[in-house]
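TrEMBL annotations:
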DOMAIN    11-499  domain 'Metalloenzyme'
BINDING   D18, S68, D442, H443  Mn(2+) 2 binding site
ACT_SITE  S68  active site, phosphoserine intermediate
DOMAIN    88-295  domain 'BPG-independent PGAM N-terminal'
BINDING   H129, R158, D159, R187, R193, R258, A259, D260, R261, K334  substrate binding site
BINDING   D401, H405, H461  Mn(2+) 1 binding site
Amino acid sequence: MTMAPSNRPRPVVLCILDGWALNPDASDNAVAQAETPVMDRLWQHNPHATLTTHGADVGLPAGQMGNSEVGHMNLGAGRVVLQELPRIDAAVADGSLAEAEALRALIARLRETGGTAHLMGLLSPGGVHAHQDHMAALANALHAAGIPVKVHAFTDGRDTPPRAAPDHLRDFVAAAPNADIATVSGRYYAMDRDKRWDRVKRAHDVMVDARGEHAPDAATAVATAHANGTGDEFVPPTAIGGYAGMADGDGLIMANFRADRVRQILRALLLPDFEGFERARTVDFAAQAGMVTYTDDLAPVLPAIFPPQQPEATLGEVVAGHGLRQLRVAETEKYAHVTFFFNGGRETPFAGEDRVLVPSPDVPTYDHKPEMAAVEVTDRLTRAVGDGTYDLIVVNYANGDMVGHTGDMDAAIRAVETVDACLGRLSEAVTMAGGALLVTADHGNADRMRNPETGQPHTAHTTFPVPVVLSGGPAGVDQLRDGRLADVAPTLLALMGLPQPEAMTGRSLLPSAADAEGPDAEPALRASG
């Protein structure tokens, strides 16, 4: 079913409730235990269904949990996008990783300079930002080529259990016995994406000049943090053994395959015009390489081992191609997701695409302010809905995911209730404007706050289905069909009365015209509930 242009709702709004899934077990489930009258009403009185957000349905290996980058890429592309994790896994398995042009060029240059390769990344099997098997494969390829390897390990605790780093370190050392772990830093420091430069500086300084905490070995660094009540995510940047820092003529390799959380540390290490904080010195690297392309300004100095494979005819591109206006709204933590990732890895806005960035609150972790910037996001959003400028609006509410990552049940409940209240304001604004509102999520998180097997806080994403509900859609549509994230963009195009391009292989969640009203019927608008 495609809306007739003369009868289509305007604006069509896609609201992404980050970290909000449908776990049938209500225990330790902030989504189920929170008071959510708005979402309950929307679900009860409007067409709805569920979507899968993990594994092969989003281009990941079977069973692999989804994440915000993957989710938004699938949402915006309107097709299943093969993700970097299985792509790199395949190259590791068949040995082609060691033959990648960017890696071979780095090896050749370091043979000339006699420099050390500084291999950095999230040392974790989580598979969201990186995978330690990839780091081990890179370390082994460098060692086989005669290049000394220093590893700068970022510990996880968000996409993995909060205190699993000892196991990760042990497995990595077994897989790459010739790699020397030079520093350990919790991802809180090394992978900040919100311009908390005091955090990034600590990770930068320990890698560049060995300034920070010191420990005889990586296991001791982590054990000391744990003994002090600190989980893996927050391990203080620590120099290991006799590590003395980076030298001119050395090389740098970033092993993360997800862009948003390594841009800041890479800019601090590589860009001469970096202004985030004062650097004691800059290293004159002889060669650099990254697992992927991270951002336009880094691309000229950081060749990609796996060059980008950008999908064509994404939702944003199709809307722009028809001369329509679109808006993306999010707070800092999810801004890249509704822009860069939603557009298939494209930095530059499309013609007619505006963007609103609302600063996330400056707190150590978001359990200190579960509301985050949701109210401010909604203020900007409702004004945009009401002024009649835009045909398509995409908004992300970060609370369920970002607060879910803290493992704090009470805070997660407050986060979910905050988002529900904001959803009420948004729904009312869309109804008054004569628009349509499609509410869904990119993956789960706040729906499981405790590991049922260990009893410890659960800080990772979940694989439960997520809700999708349509308010203000065509009359006569009483139910959506179950699907996957790739089906959302075709649904939005159908609501906007736009044809679906061949490259967009997802299926609209709306029933076909023949199923709903007969082949010749022109749908009327359905009042939102």
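Each Cβ is built from the backbone N, Cα and C atoms, and glycine gets one as well.
No curator has checked TrEMBL annotations; they are predicted automatically.
Since we're looking at a predicted model, the values are computed, not measured.
A simple way to gauge crowding: the CB of R261 (substrate binding site) has 22 other CB atoms within 10 angstroms, across all the protein chains here.
The C-beta environment of D401 (Mn(2+) 1 binding site), restricted to residues of the same chain at least 6 apart in sequence and closer than 8 Å, consists of D18, G19, S68, K334, H443, N445, A446, H461. Summarising the environment of D18 (Mn(2+) 2 binding site), the number of other Cβ atoms within 10 Å of its Cβ, over all protein chains shown, is 26. Taking the binding-site residues H129, H405, H443 in turn and counting surrounding C-beta atoms within 10 angstroms, the largest count is reached at H443. Each of I16, G19, T53, G66, N67, G71, H72, H337, N396, D401, A441, N445, H461 belongs to the same chain as D18, S68, D442, H443, is absent from that list, and has a C-beta within 8 angstroms of the C-beta centroid marking the Mn(2+) 2 site.
Taking the mean position of the Cβ atoms of D401, H405, H461 as the Mn(2+) 1 site, the remaining same-chain residues with a Cβ inside 8 Å of that point are D18, G19, N67, S68, R158, G400, M402, G404, H443, N445, A446, T459, A460. The binding-site residues considered are R193, H461; of these, R193 has the fewest other C-beta atoms within 10 angstroms of its C-beta. Annotation note: D401 (Mn(2+) 1 binding site) sits in a helical segment as assigned by DSSP. Under the three-state DSSP scheme, D18 (Mn(2+) 2 binding site) falls in the coil class. Neighbour list (D159 (substrate binding site), Cβ cut-off 8 Å, at least 6 residues apart, same chain): M65, N67, S124, G126, G127, V128, H129, T459, A460, H461. A helical conformation is recorded for S68 (Mn(2+) 2 binding site) in the three-state DSSP classification.
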